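S.K.: One structure is given below, represented as structure tokens, and several questions about it will come after.
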Amino acid sequence: MAIKRSEFPENFIFGTATSAYQIEGAVNEDGREPSIWDVFSHTPGKIQNNENGDVACDHYHRYNEDVQIMKEIGFNGYRFSISWPRVLFSNQKKNQKGLDFYNKLVDTLLENNITPFITLYHWDLPYYLYEKGGWLNPDIALYFQDYAALMFEILGDRVKHWITLNEPWCSSYLGYFMGKHAPGHTNIQETIIAAHNLLRAHGYAVKIFREIVKDGIIGITNVVSKIEPAKESEENFQAAILVDEIVNGWFHDPIIFGKFPENAKGLFKQLGLEIPETDMDIISQPIDFFGVNYYTRQLVEYDPTSPYLYKNVEGILPKTEMGWEIYPEGLYDMLRKIHRRYGLPLYITENGMAGPDKLQNDIINDDYRVKYLEKHFEKALEAIEDGIDLRGYFVWSLLDNFEWEKGYSKRFGIVYVDYKTQKRYLKKSAVWLKEFLRK
Ligand SMILES: N#[N+]C[C@@H]1[C@@H](O)[C@H](O)[C@@H](O)[C@@H]2O[C@H]12
């Protein structure tokens with residue numbers, strides 16, 4: 001029996017999600033200053049096909065059209081991020097033209113009965129702050145607090161749902177350890193420091209939020225992967241516990257318990273790494289929800305030859321264009337785990353897939369994405385029916401967009417973007433969603 005919208009709570013948010021650098025374009029317009037992603041994407045060899053977000057989906061100019069598409073599909077929520085370098089100059093003065101863009105976007109959403117959820121930081125750190133040390137400089141938390149306060153003051157009268165950071169694991173591990181993301185460092189000690197300063201920035205923003213937006217809610221969005229042993233053995237189970245702490249626990253436990261998970265911390269200390277733990281009281285001040293970005297599982301095996309004592313193992317399940325296994329069961333498992341361990345309301349702030357989407361005669365037949373969404377919706381409903389306080393689900397993503405180091409080679413949208421013409425085409429999955437959201 002096909003799943004129905006009416007099986008979800010009436011006040012459940014079904015939305016879609018994007019981020020500034022991935023869709024806005026207009027990178028040199030109205031005074032916007034460079035971010036680390038502007039510099040990184042213009043560094044030869046960093047991005048597939050040497051692509052960048054200079055134009056992207058031209059959302060900065062086409063936001064009204066995109067809101068109308070959301071309305072046509074029937075979404076009642078839209079999660080988007082603010083481009084920090086678009087709203088604050090390096091001299092700390094506000095950029096009114098940049099702020100006006102977000103004022104207009106928020107007003108257009110509200111006029112169309114779409115609830116805005118704002119992410120303050122989705123990876124596009126102003127480059128001048130990177131030059132001051134970026135996430136390695138403890139002062140970054142105060143810069144972030146000032147930026148957050150500005151946005152709360154400007155938009156907090158109309159926007160009541162806020163997310164401090166998107167996926168600090170990615171900002172720290174992909175940006176400072178694996179070098180795949182901006183700023184492209186490859187240093188595990190820097191990674192640990194960056195992770196701590198990201199969590200501090202989160203805490204400083206929550207603190208000022210409570211003073212400015214007294215009738216709003218604020219949380220943080222983490223990417224969560226279901227970590228499983230590739231083969232059942234005691235060593236592999238221990239490896240899975242360790243990896244779960246590194247990937248998931250490191251960015252949840254400090255916020256709720258005020259401390260890093262013990263096994264991961266012990267491993268890092270064995271490797272001679274410094275674990276900064278200042279401001280744990282600010283990091284762990286109460287938040288109102290966790291955002292959960294779920295995509296897949298991660299299979300691991302114990303590996304004594306690795307300094308981190310594990311290695312990743314490729315799974316056998318059908319995969320998306322990103323090479324990620326399609327594993328809706330993991331969504332249920334992680335919602336249950338996070339809800340049980342931390343006791344907070346949850347929003348699925350991202351879930352979706354990259355597909356081999358082809359435009360043929362103005363049609364994109366992405367039946368595979370319809371099936372993907374249906375299976376993940378079913379698991380979300382199962383979680384709700386089992387008592388998990390799940391309050392919303394945001395499809396990643398509204399539009400095909402700049403997929404970071406993959407450039408435009410991966411299409412996650414339910415709406416196809418012809419980047420040459422900027423024409424938008426509803427994929428079959430968008431048409432399916434339109435019908436689903438009306439049942
Ligand atoms: N990769 N991938 C797709 C998607 C990415 O485009 C988002 O910006 C991130 O928040 C998260 O990693 C998920």
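Even glycines carry a Cβ here, placed using N, Cα and C.
Note: TrEMBL annotation is automatic and uncurated.
These numbers come from a predicted model, not from an experiment.
Sharing the features that TrEMBL gives for it:
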- E167: active site, proton donor (ACT_SITE)
- E350: active site, nucleophile (ACT_SITE)
- Q22, H122, N166, Y295, W396, E403, W404: substrate binding site (BINDING)
S.K.: What three-state secondary structure does DSSP assign to Q22 (substrate binding site)?
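M.R.: It is helical.
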S.K.: Just how many other Cβ atoms lie inside 10 Å of the Cβ on the residue listed as 'active site, nucleophile'?
M.R.: 25
S.K.: In DSSP terms, helix, strand or coil for W396 (substrate binding site)?
M.R.: strand
S.K.: So, in DSSP terms, is W404 (substrate binding site) helix, strand, or coil?
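M.R.: In three-state terms, W404 (substrate binding site) counts as helix.
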S.K.: Within the chain of H122 (substrate binding site), which residues six or more apart in sequence place their C-beta under 8 angstroms from its C-beta?
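M.R.: Result: S19, A20, Y21, Q22, S81, N166.
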S.K.: How far apart, in angstrom, are the most distant Cα atoms among the substrate-binding residues Q22, H122, N166, Y295, W396, E403, W404?
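M.R.: With Q22, H122, N166, Y295, W396, E403, W404 as the binding residues for substrate, the largest Cα distance is 18 Å.
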S.K.: What are the non-local neighbours of E403 (substrate binding site), defined as same-chain residues 6+ apart in sequence with CB under 8 A from its CB?
M.R.: Q22, A354, S409, K410, F412
S.K.: What is the nearest of the recorded positions E167, Y295, W396, W404 to E350 (active site, nucleophile), using the Cα of each?
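M.R.: It is W396, whose Cα lies nearest.
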S.K.: Using a 10 Å radius around its CB, how many other CB atoms surround E167 (active site, proton donor)?
M.R.: 24
S.K.: Using the Cβ center of Q22, H122, N166, Y295, W396, E403, W404 as the substrate site position, which other residues in that chain lie within 8 Å, going by their Cβ?
M.R.: S19, E167, E350, S397, N401, F412
S.K.: In Å, rounded, how far does the Cα of the residue listed as 'active site, proton donor' sit from the Cα of W404 (substrate binding site)?
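M.R.: Taking the Cα atoms only, the residue listed as 'active site, proton donor' lies 14 Å from W404 (substrate binding site).
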S.K.: Give me the non-local Cβ neighbours of W404 (substrate binding site): same chain, 6+ apart in sequence, Cβ-Cβ under 8 Å, ordered along the sequence.
M.R.: Q22, I47, K180, H181
